[in-house]
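Student: If you scroll down you'll find the structure; I have some questions about it.
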Amino acid sequence: MGINVDFDDQYSHHHYQRVEIPPPKPFLKTLKSNVKETLFPDDPFRKFKNQPLSKKISLGFQYFVPILDWAPRYTLQLFKADIIAGITIASLAVPQGISYAGLANLPPVIGLYSSFVPPLIYAMLGSSKHLAIGNVAVPSLLISAMLGKVVNPHENPKLYLQLVFTATFFAGVFQASLGFLRLGFIVDFLSHATILGFMGGAATVVCLQQLKGILGLVHFTHQTDIVSVMTSIFTQIHQWRWESGVLGCCFLFFLLLTRYFSKMKPKFFWISAMAPLTSVILGSVLVYFTHAEKNGVEVIGHLKKGINPPSYSELAFSSKYLAIAIKTGVVTSIIALAEGIAVGRSFAILENYDIDGNKEMIAFGLMNIVGSCTSCYLTTGPFSRTAVNYNAGCKTTVSNIVMSIAVMITLLLLTPLFHYTPLVVLSSIIISAMLGIIDYNSAIHLWKVDKYDFLVCISSYIGVVFGSVEVGLIVAVAMSLLRILLFVARPKTFVLGKIPNSMTYRNIEQYSAASSVPGVLIIHIDSPIYFANASYLRERISRWIDEEEEKQRTSTEIELQYVILDMSGVGNIDTSGISMLEEVKRNADRRCLKVLLANPGGEVMKKLDKSNFIDKIGKEWIYLTIGEAVNACNYILHNCKFQSKRINSSVAPDDNV
């Protein structure tokens, strides 16, 4: 079947810009560029360019130790703000440190130790101005849940403590390694929905665990799931202590009331910040004068005075439980990183400055490595403490130094004052803090915006509450990875139509005014084409063609003759993707249809050229825009003598088009 002899002359009047093939780059140069974009997206070497060696060395120290950068510009005015903030967060750090240590089944003084050394390390190495360092509830619970399975903290407290220090050491090593290797993007695989569900579930579990202290129970299940906890509670009704319950409910009401008041009146944030320490003082005074410890109200008891003793000799590298310690360290480090970096970024955005995620990982890692050698367990940047730090007006990480000094004074002079602190007050402090983590408003927002994100969130929550913390984490990560696979393996494709009185083409399902072009099917591919989705795309394109032909059989429109693949959303393509395009072309040839490509990117064009696909399809059938491709199709359809016949697949317009 031939074409009119004057066709080339007529069509040559329509000149379009050819889609160019980028000049080839050496493989090593391309590899270097890709590695740089993956590992150094922030271009940390920019400031080192065109600098003398001495300046480069100075900038290098400032890069790895940020305090050397801003300390020379530090002023008395900044110090006044930081000292107020530091004292304020210290008032929160002391009761929280003691409470969270109990959550991890550790001696209370370990919680105080952990608010002394790590904040000093972070103050020198951290890039966030507002992050306040300390223990957090969820990693504390994880440590208790994972290590408590192999070593009973009450029957063998020394070995348990050694494993906690060892897990903290490996958590620090893992965090620092991610930072040094520039692998911070790994944490980004934990989506917002994943973290929201996991944290909410963990907070629920923590609250349930604190019912032991509120009800004054001595024996309690080591399981964390809701069924085991509620079974343990209701099978011991005869052992509930009303004194402990009344005291706990009163302090919990006080803490929630002060938090609500501070939320309504933000300038009185300090009331909520001081409430935990106030509760500890009031509870201790009440127990001391009423001798409530003799009537079923458990107290902390003796707290060792003095600052952190060294613990590097306690690291159990030769223990038979080393594997579980490493596993615990890696799992808790990921959760701590996700929370710490997310909190730091949130407050950095509020103050319009940037933090370096990789530097944060190095800072977290080193402070936990040093902490494991100085009787501390895992620390990060908790939201509650950071929010108080921010609201108190902190300007730099000096507030962490002030907090650390305040905790040191407490360790040296004030620990005997905590002897009569009732455990029920600590349980109330933990429950109050955890209720703020259960963010049901965000879960409702997920339901409205993205049902799958809500499913990820609720699955993670249910996994934690009805299974265990590890089960919830596995479910959350698995659901997130499944979503990534679905995005990759089942990319969006849709048919485009023309918006009236314009050269714009949009999704006909989204825009009711968009109309299809007679005789032409325009398919948009909204994803890179890889081995994972090539087979699906081949079948989906074939189905679009079948549906279009079936629709046109029942209409009077020109029968389908052209298929335009809009490649504007295809950032890259591999050999499987190229094979898929070849199969699509062969299938179209059998149907007497012509395939055109519109707006392929540079990477795609390079690979299509190297695979000789451009020669197979004909470079004259590759267009810069959809509009140009449609115009070319319309020109052939309306200016040739073969409108009622199929264009033979071998026919092509002149190369000068």
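Indices start at 1 and increase along the chain as displayed.
The backbone N, Cα and C atoms fix where each Cβ goes, and this holds for glycine too.
Note that TrEMBL annotation is computational and uncurated.
The model shown is predicted, which means the values in this text are computed figures rather than measured ones.
Straight from TrEMBL, here's the annotation block:
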TRANSMEM  83-103  transmembrane segment
TRANSMEM  132-151  transmembrane segment
TRANSMEM  163-183  transmembrane segment
TRANSMEM  195-220  transmembrane segment
TRANSMEM  240-261  transmembrane segment
TRANSMEM  268-289  transmembrane segment
TRANSMEM  321-342  transmembrane segment
TRANSMEM  400-418  transmembrane segment
TRANSMEM  423-441  transmembrane segment
TRANSMEM  461-488  transmembrane segment
DOMAIN    510-633  domain 'STAS'
Student: The transmembrane segment (461-488) and the transmembrane segment (83-103): do they have three or more Cβ pairs under 8 Å, with pairs 6 or more apart in sequence?
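Tutor: Taking Cβ pairs at least 6 residues apart, the transmembrane segment (461-488) and the transmembrane segment (83-103) are not in contact, as fewer than 3 fall under 8 Å.
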Student: Ranking 163-183, 321-342, 400-418, 461-488 by the number of C-beta pairs under 8 Å to the transmembrane segment (195-220), which range is first?
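Tutor: Checked against 163-183, 321-342, 400-418, 461-488; highest Cβ contact count belongs to 461-488.
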Student: Answer yes if the transmembrane segment (240-261) and the transmembrane segment (321-342) have at least three CB pairs under 8 Å among residue pairs 6 or more apart in sequence, and no otherwise.
Tutor: no
Student: Per the 3+ Cβ pairs under 8 Å rule, pairs at least 6 apart in sequence, do the transmembrane segment (268-289) and the transmembrane segment (461-488) touch?
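Tutor: Since fewer than 3 Cβ pairs under 8 Å link them, the transmembrane segment (268-289) and the transmembrane segment (461-488) do not come into contact.
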Student: Tally the residues of the domain 'STAS' (510-633) by DSSP class, grouping H, G and I as helix, E and B as strand, and everything else as coil.
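Tutor: Secondary-structure breakdown of the domain 'STAS' (510-633): 64 helix, 21 strand, 39 coil.
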Student: Taking every residue in the domain 'STAS' (510-633), what is their average pLDDT?
Tutor: 90
